[in-house]
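Noted in Swiss-Prot for the protein shown:
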BINDING   His45, His47, His62, His119  Cu cation binding site
DISULFID  Cys56-Cys145  disulfide bond
BINDING   His62, His70, His79, Asp82  Zn(2+) binding site
Amino acid sequence: MGKAVVVLSSSEGVSGTVYFAQEGDGPTTVTGNVSGLKPGLHGFHVHALGDTTNGCMSTGPHYNPNGKEHGAPEDDVRHAGDLGNITVGDDGTATFTIIDSQIPLSGPNSIVGRAVVVHAEPDDLGRGGHELSKTTGNAGGRVACGIIGLQG
């Protein structure tokens, strides 16, 4: 079983830990807990670069090895890193589980060494009609991020 982890942090008081587990070539299970967010939906994506030298801004675009448009996790046309939204409760905390087949932990399209970014606003899943809908889901600013690392 492959395992990875990312510790999310920000200058805005958002923090959390996200775990990834993959059995063989099967889907990857993502489990996490993030706190310090405003209640509601927040875009949650794997970004292309594991570079936080300029905070979350240097993590690049959504991870997109297949050159597709932005979409929902269940869509055929989507970035590999499009994991949709996490739901934050009134206490500012999100606890979630996502199962996804486009974010392997090994092989040529591995997400290890890339970044996870939590956004300020909901991801419209490419359906919002905004000029950014088909690239970012119009999910707003980047409020927390971290680099995905292998876990023993």
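Each Cβ is built from the backbone N, Cα and C atoms, and glycine gets one as well.
Within 10 Å of His79 (Zn(2+) binding site), counting C-alpha to C-alpha distances, fall the following of the recorded positions His45, Cys56, His119, Cys145: His45. Proximity to Cys145 (disulfide bond), defined by a C-alpha to C-alpha distance within 10 angstroms, is shown by the following binding-site residues from His70, Asp82, His119: His119. Neighbour list (His119 (Cu cation binding site), Cβ cut-off 8 Å, at least 6 residues apart, same chain): His42, Gly43, Phe44, His45, Ala139, Gly140, Gly141, Arg142, Val143. Relative to Asp82 (Zn(2+) binding site), the recorded positions with Cα atoms inside 10 Å are His47, His62, the candidates having been His47, Cys56, His62. The Cβ neighbour count for His45 (Cu cation binding site), using a 10 Å radius and every protein chain shown, is 28. Comparing C-alpha positions, His70 (Zn(2+) binding site) sits nearest to His62 among the recorded positions His47, Cys56, His62. Under a cutoff of 8 A between CB atoms, and with a sequence separation of 6+ in the same chain, the neighbours of Cys56 (disulfide bond) are Ser10, Ala115, Val117, Arg142, Val143, Ala144, Cys145. In the three-state DSSP scheme, His70 (Zn(2+) binding site) is classed as coil.
Summary of the Zn(2+) site environment: with the site residues His62, His70, His79, Asp82 set aside, the chain residues having Cβ atoms within 8 Å of the Cβ mean position are His45, Pro61, Tyr63, Asn64, Lys68, Glu69, Gly71, Arg78, Ala80, Gly81, Gly126, Thr135, Thr136, Gly137. Excluding the listed site residues His45, His47, His62, His119, the same chain places Gly43, Phe44, Val46, Thr59, Pro61, Tyr63, Gly81, Asp82, Val116, Val117, Thr136, Ala139, Arg142 with Cβ atoms within 8 Å of the centre of the Cu cation site Cβ atoms.
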